[in-house]
Every structure is written in C-alpha cells, then in structure tokens.
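Listed features, source TrEMBL:
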type   : residues : note
DOMAIN : 93-227   : domain 'Nrap protein'
DOMAIN : 233-297  : domain 'Nrap protein'
DOMAIN : 344-429  : domain 'Nrap protein'
DOMAIN : 433-543  : domain 'Nrap protein'
DOMAIN : 548-574  : domain 'Nrap protein'
DOMAIN : 605-778  : domain 'Nrap protein'
DOMAIN : 781-929  : domain 'Nrap protein'
DOMAIN : 946-1082 : domain 'Nrap protein'
Amino acid sequence: MESDSMDFKLGELLKEVQLDDSIVKIVDLAVASVVDAIKSIPERLVRADEASRFIEDLGVPSEKVSFTFRVPESIQVGGSHSISSVAKPDINVDLLVRMPKGCFHEKDYLNHRYHAKRFLYLRVIEKSLESCSAVKKIAWSSFQNEGRKPVLIIFPVMDSPDLSECFIRIIPTATSLFSMSRLSLSRNNVRSFSQEDGLAQATPIYNSSILEDMFLEENSEYVQKTFHEWKVLKEALILLKVWARNRNSLYSHDSLNGYLISMILSHLVVGSGESLIHKSMNVMQIFRVTLKFIEGDMKFTLALFKFSATARLHIELNVSLSQLVVVLLKALGPLKLSLILIVLVLATLSLKGRPLFLHPQGHCNIAKEDLNQLVKSFDTVLLDASCSFNLLFRMTKTAFVELQDEVSWTLKCIDKCRGGGFEEIFMTKVDFAAKFDSCLRINLKANPKICSGDFCMDNECWRIYEKNVQSLLQRGLSDRAKLVRVVWRSTPLDWNIEDGLSYFGNEPIIVGILISSQENSFRVVDIGPNPENKEEAISFIFFFSELNSAMKFRKFWGEKAELRRFKDGAIAESTGGLFYGSEDIVHVVDQLDFCLQVNGKDPVAFSSVLLEAFELLSKRLRLLEDIPLKISSVQPLDPAFRHTSVFPPQPHPLAYETKYGKKLPKSATTCIPTLEVMIQLEGSGNWPLDSVAIEKTKSAFLLKIGESLEERWSALCVAAEDEVNILMSGYSFCLRIMHEKGLNMLQTQGVVDKNEILSIDKKLFMWSQHSSMINGLHGCYPTYGPVVRLAKRWVAAHLFSSFLEEEAVELIVAYLFLKPFPFHAPCSRVTGFLRFLRFLSCYDWTFSPLIIDINGDLTLKDENEINENFISRGKYYEENKNIAPSMFLAAPYDKTSKAWTRLSPNRSELKRICSYARSSADLLTNLILRGADGPYTWECLFRTPLNNYDAVVVLHHDKLSTPQHLLFPAVVDFGKLVICGKASNLFLPYTTLDGVQSLEEARNKLMVGFDPTRCFLQDLKREFPTTFKIWYDSLGGDVLGLTCDKKDSRKRGRDGADESSIELTDALKKVGEVGKGLVKSVHLVKVPKLQHRMSHDGAARLEPALHLIQPTIAMITLVHLPW
C-alpha cells in the first residue's frame, strides 16, 4: 500500500516537472532559429579592444589574442534537453558550439590565451545575435561559477507564457584543439604561477579547465547514447536533479549539477560501475542505487586525507617512521595500532587503484603515473569517457563530505519516514539557512588583497579564498563542528562583460556550520597538546591532524593561546574559545534575542531560582500531616518549569514568606503571574461521585493546605472561588488537585455532543502528561526550549494567541526535533525557528494528522487509531467547514486531538496563520543569507500588519499588566477613528511602596493572576459572541484585531455597504465602552461583507458606562482574602 502511494506521488511529481511535447516543439524551434543565426555570422577580424577589460583581468597581452572569426565547425544540443530530462522550473538548453582550430595558435593553451580567445569568440556571437529578431534578450554568466569561462545566455522570443524564463546557454567547445601531452596535470601552463624559490608549479586545475572544453562534446554524446530510449533512467535523472536542487548547497559549482549526475548514472550503467543499474529497475530503485553508490563506493577520498596527515608526522616532528611507530605503540597499544595501520594501508591501496571510470578500466589506456597524479591533484576522481579528464576536478573535499552526509540521511529518510519520505526528499527545501545550525556572511567586496592580485592563476582567486576560509574555520572550530561548508557564488547576477572580472566577489561568502554536539560546541576552553609531552603531542596529531603540535597551535591562535595548568594537573596549550568581531563578518546567532529580553536581559536566567522555589514547595507539601489525605505527588505544569515560557517570571519582592523580613523596595509590579502546580492525594473510597461535589471537596482540601502552609512556614495563601495561590520564595503557585475518578467525567455546554468539554481532571491529566514529556525532550535537546520561546513570541506578536495554544506550539516544535528529516535536529534557535515557520506553512494540515510520539510509546495500532479519529472528525465537521478545527495534533496522551486543538484554529484561522508563517520564513531566510535590506529588518519578523483586520482596538500600554514585555507600541495611522478613550487611574502596572510600613500593607496592593487584557477579552467574547473574531497578543501586546464573518457569494450593493458600516461603527463604539479606561482608540479599517446582519440586541444589553475594572472587582476581592 505504501509502495503504491510512493509510486503514485512520484508519477505526479514527474508529470509536474517534465516538459510537455508541445513545449518541447516550441523550444526546438527557438533553438533552431538561434543556430541558423549563428551559422550566418560572416568572417571578420577580432581584436582585444572588443573586450579589453576582461582580457586585461586575465593578464593576457592584447597582441596575443587577435584572430579571424569563422563559423563554428559544429553546433549540437547538449545537456538535459538532449536526453529529454529537463526538470522545471529550470528550463534551458545547452548549445555546444565547436570553435574552429583555425582561430587558435598551437601554444594558446599557455597563460590564459585560450580563455581570452574563447571569450572573444562568444563576443562576436553576442554582437551578431543582438540584431536577430528571434532573440529577446542577451546576458552573460559563467560556466560552473568559473569567471574565466563565460557563457552566453540567450533569451529567445517564445509565444508560450510558460517559457518566459527559458534560455539557451551557448557553451564553446574545443574538440581536439591541443595536444594532450601539453595539458598533463603535472605541467605548468601559467608561467607566472611559481613557488617562492622560483620553481614552476603544476597547474592541474587550469589544465583541466581547458580539457573540459576539449571533451565536452564526446562526453555529451556518451550520455546521449547511454540514455537513448531508456525512459526510466531519464526519470531517475530528473528525480536526482529535483533532490539535489532542493539542497542548494549541493547543487553548486564545487559539488553536483545535472551534467555530473548524468555522468554518475552512466558510470553505474556500464561495466566499470559493476552494472549496478539495469533496465529491469524502476525509477525509485535506480534512485536508491545511485545514492548508495555515492554513500559507499566513493568514500575512498576521506581516507586519503587521514593517511597523508599521518604520513607527514615523521617529517614535521623530526622523528623517523620507526620512532613514530614506537611512540604510537606506547600511546595506543598494539591492538589499536595494528587495526588502524591495516585500515590506512587498505585505504591507501583503494585510493591508488580505484579512481572511478566511465569505461571499464581495461579499456582505458592510462599510465599508472597519470593515475597517481590524478589522485594527488584532486580530492575526488571520476574519469570521463576518454579516460583523460577528471569530471570532478571542481569538487572539493568538504563538498564531497556534505554530499555523502546528505545521501546517508536521505537513505535513512526513505526507510524511516511515513510514505517512503516523499515529502521530505522531493518537496522540502534544504537550503543554507534551514540546513546549517550557524551561518556566517563574510564580505570581501573591494578587499585590497583580492583586487590588487591576479584574478586567475592555476585556480581563480575566489576559489582559493573559499578554500582558505574553510580551512581556517575548520581548524579553529576543530571538533565543535561536524561540517563547515563555504560557498562563494562570485559571478555577479547581472554581469556586465565590459566590467571584466572587477565585480566578481561582490556577493558575500556564505559559511554554514553543522554543530557536532551541544557539549563540544558550547565549551568555554579549547585544549591543545602538551608541549612537554612528545608522545601526547604525537597522539594529538594522529587524531587531529590540522592542529599537529603545540607550536602550530600557538601560531594559529596567536595571543589568544596560553599555557595553562588544569585541575587534573595537566599542562597544555589552550584558548578561550572563538572570536567573531568585524564589520565584514556577520554571524547569525543572537539577532532574534531582542524579542525574548526584558530590560536588556533574558529572564530565563531566573529559571534556576524558580526550580529551587518549586522544590521547596514540593518538599513542604509532602511534609504536611494535618490534612485528611497525604499528598502523594507534586508536579509543575506551567511552561516556565519546562523551559518553554517566553518570559519566565522573576522573583517578586512581595511574594516572600513574612519570616524572611526582606527590606521593601521603592516600587514593585502590581500583578504577579501564577504558576500552575498539580498535586495528587492518597487514594480513598470516600470521595463523592458527583462532579460538582468532587470540585467542592478539592477546594476544601486546597484551603486546608493553604492554611497549613501559612501557619507552619509563614507562606501567604490567596484564595478565589476555584483556585488557591501560595505565595512563597518570590513566586505565586496556583495549586490544582487531580482526582482519578474525575478523569472520565465530562462537562457539557447545554447538550452532550462533539463540542463536549473535558473534565477538569482530564485536563489536568493531559497537562501533566504533556509537561512530563516536554521536560524530558528539553533534557535531550537543550535547543528545544529557546526555539519554542521564539515560536511562541512569533505566534503572540501576530495576534494568534486566541487560536493557537502554547502547548500546541510546543508539540509542533517537538515534532521538528523528533522527526527532523530531511534535516538533522536543530542545534541553534534561529535555525529551529526558521524550520518551525516553514513547517507550519507547508504541512498538509487538511489531509494529515500530526503525530508527536516523544517517548516512542505509539504502536502501529495506535497510529491507525489516530488516523481513524482524524477521518471521523473530518466527516463530522464536513457540513460546517467554517467552524471545523483544521489542526489535528495527536500525542500518546491525546489520540483524538481534544487537548489543545479541539475547537481552533479553524480553516480560515489556520489559513491566515500559514500565510503569515510563509512570509516570515521568506523574510528570515533573506535576513540570514543577505542581511537587513532597507526597511526589512529582524524586527519585522515580529511586527504584524494591522491593515488586515476589519477593525483595530489600541490599548493604553501603560495600563497593561506587563508593559515591559511590549515589543513595539501600536501605531495606527489609517482607517476611520471611531472612538478615543482616556486611561483609567484605578490600575497601574507598577506600585509605589514609599511610605508603606509593612509587608502586609504592601501586599494589599498586589493583584494575583490579574491581567486586564485577558479580562477585557472575556468581556468582549461574552457581549459579542458571534459578532467579532478577536485576535490578540497574550504576551503584553497593546492592540487587538477584530474581524467579521464574510459573505460567501452574494454581492452587496452600495446602500447595503453603508448600512453595514453604520452597524459596525455602532458596535465598535460599544467595544470602546466595554474597555473604558483600557481602550485608547478604536479604528474601523474596512467594511466587511457581513454574512449576517449584526444585531443591536447584543450591544443593547451593555450598560451605558460599563467600566473595565468593574467586571473584575469580584475576582480581585476574592484573591485578596488571606486565610
């Protein structure tokens, strides 16, 4: 069943990305027009002054590049289009244009003369096509980001709107142009490229750049022959391209591209690849075989690095190889040493003898010395069809390591993810911003070291700096980082060829870092080798070859390195960690911390104080003996105890026991938040059976518990009708009792139906289960808490607090850590937050339940039950889609999604949430990769647009219970002002304690658990139950959004719209009256098309001068009754 589903999805994906036959015909006609135009170009003399800046940047004398232009010897279609494997949306055609031999001199392979003439040849084609009626636009780019090899981008005129972005790439080729011996990898063909002593160095990369053009046509023909009339192989190529393209750090100049993937597939088809692919396979089988090949058979590259590092030891430390073996024997023991040496020998043999070939090795006439030179010159080797050219000469060691990691993770995803991992593998974007735990942007624009030097020697300067940055960071981070990936897309997006290479490198270098582990990554000190212990230094070298002596360690870290004696008596070089500090280096790490801080500090620092206070409360509760039933368990329920509260409460100076006798401060906050704590009593058969009687009994127990705590430890007990709060150790703990008999009792609203309300005990049970699981998850993933805090802050900042419970947010983020595919579990809060936004916006909430199994408790039977519950709930709400909850979150304690998403968000609410999440994710991605651009800053992620509501209610921010949590004061300068209101003097968020003589007197001003915004919200919902949908920020926002139901189809005339405006304006005036003293202003933003005419009956029931504080006087009085 699962296999059939995967096959169906793959079929639909292929239909989506493949080109229709009609589109192919249009493209072929356009290509034919361009080919005809190129063939009609007349002969003419070409000089360097036609592109003097580019020739100058290559360092080629102008007199060396003149030639007579002749039409190409041949023009053929290459690339994906030639084998019908184009994958939308990247629709392009490669035209391989063979330059005539007569345009070149026999020594033009030297000193970039070939590259200069290659460019001038394209320049002539560009000038001629500018006047061609079949060409819409012409642009320049580079071949695989290599600046010295430009390609011409032709945008032909096409009738189809689907082909507006289609282009033709004109790529020059040089078949049989130079002698192969002249381009041997050991030769130097750039005379200015030499060592400090003047000796010429080999130029393998430069030589390979020319060889690539010489064998491009032959390799293209080889691929076409392999793929000819093999539909499944073409489809597998398309799937591999979609997979790699979604992982854009793989689909880059130093890693994979469509051409290399087709070559790897060709290798696996022929005998040299052990014929791993054959025609009986389906598309997914070919996909898996290719990935397994990359994961396994290509691993020899890593062994070279380890062996070469070890082989250098006897040279760098002035010890003989035999002495090295003796020292290693003492350090590692005979068994470990023998095993490691065997592995190294085998790895070396595989390296020396197993480069990859397109043809069976026996068919390739290549000398052993040349094979050794290939392995010596490049990190990875795949010889082309001619056995003369390494197709992977651009692929770096780091890119290959990343490729293998992605392949390995994808194979795990296929085995472990539901439905074969189709969504994760082919539909999820794995870009730099979301993949890596940490990202850096390094700006080298106009850097004098780059601008003043030669752009191109053996390799281009941008690739050299790219490699140097990677090496430097890898050495500095050592085992902190699992992978350091550096990519510099140096080619300008809009390259003006007249500027030559001067604007290359203006884009920043992007660095992605995958953290190895939380323990290693956040340690304070890096410890190097002991300079006095030669054996230890050698052992250190063996495992960490980049930091291979105390001298090199100190040289690398400079003044930051120092010799220390540690607690265990060891003496070693060490450094105090990593240092980022430069205008040109931007490290994305703490840019979002502003939204979690209060007065510049993160309140999470008080978490340890809170936990100590809870432990003290728990201990005291267990010691109580003057209550009828002893307390058997005490469990914290509030998010602050599980490290997921956005603003964990700070100790309040008026919430300490009286015996402490603390000095009163000059002022204190008026309101103190309550922290939910659940307690369970010993079992007894004397509990009543009626739910109301059970709750009354609980209240009696709570009152007795509060009285006992007050008498024995001087804690303050503050009681209300349905809760008891204990003030001690600076916090207010709200006690709740869970009784097992109440777990299955239900409260109902009117009649028993699907809208049943869970019993209080059932809620407490679910809450306790949730808290335990989340607390355990945070213990496994320390980053989980910070990610949840950012997610909750975002939800509240965009006024979604009414529709997305805190616990629902915690479960969604938990899923990202438990099932991170296609990523690894996030190790940074910014990356985790970005994945949360993308997941929220992209998950198929309509047709799929989200199953969060934190402890692995759910069986296959449980998952089937959850799916059945999801389907049955959908059927029930089918008749009334607008009120149907659209988010189904299932956990081991809640298989029916009744705990946190029983009624909301519904379809329209979820649609708005997903839309906002998508926009925020796009903005955050741009901020990570490109930085702030004009008005689009990090703060914009938490600024919500207020013009998307029908009306906006602005509150006096100095009347909020926690004004210090307000991110941005609301500014509404649009819409119609309906009403303004003055601030009340009856409530202030801060209380002045000047003149107060005692703690008891000060506590009379304290309000426990009071939030005027929440009270105002309750009043609005009571007075306008169906008129408005209220959007608000539960974390201290000063604005509410109001929306009304829209009509489905009928249009409203102008008179009707005016009538609606009058009705809505009257209702908004009543809103201002309900919130008198708290409401600053009410604005009518737009007149909605109402589904039902609003009734004045609801508004008429309001008192003319209803005050904000009056509805809460009873509650405030109750919470101030001490016992």
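Cβ atoms are placed via backbone N, Cα and C, with glycine included.
Curation does not apply to TrEMBL; its annotations are automatic.
In this chain, the domain 'Nrap protein' (946-1082) lies out of contact with the domain 'Nrap protein' (433-543); the count of Cβ pairs under 8 Å, excluding pairs fewer than 6 apart in sequence, is fewer than 3.
Taken together, the residues of the domain 'Nrap protein' (548-574) have an average pLDDT of 77.
Segment contact holds for the domain 'Nrap protein' (605-778) and the domain 'Nrap protein' (946-1082), given three or more CB pairs below 8 angstroms at sequence separation of 6 or more. In terms of DSSP secondary structure, the domain 'Nrap protein' (233-297) contains 43 helix, 0 strand, 22 coil. The residues of the domain 'Nrap protein' (548-574), classed with DSSP into helix (H, G, I), strand (E, B) and coil, number 11 helix, 9 strand, 7 coil.
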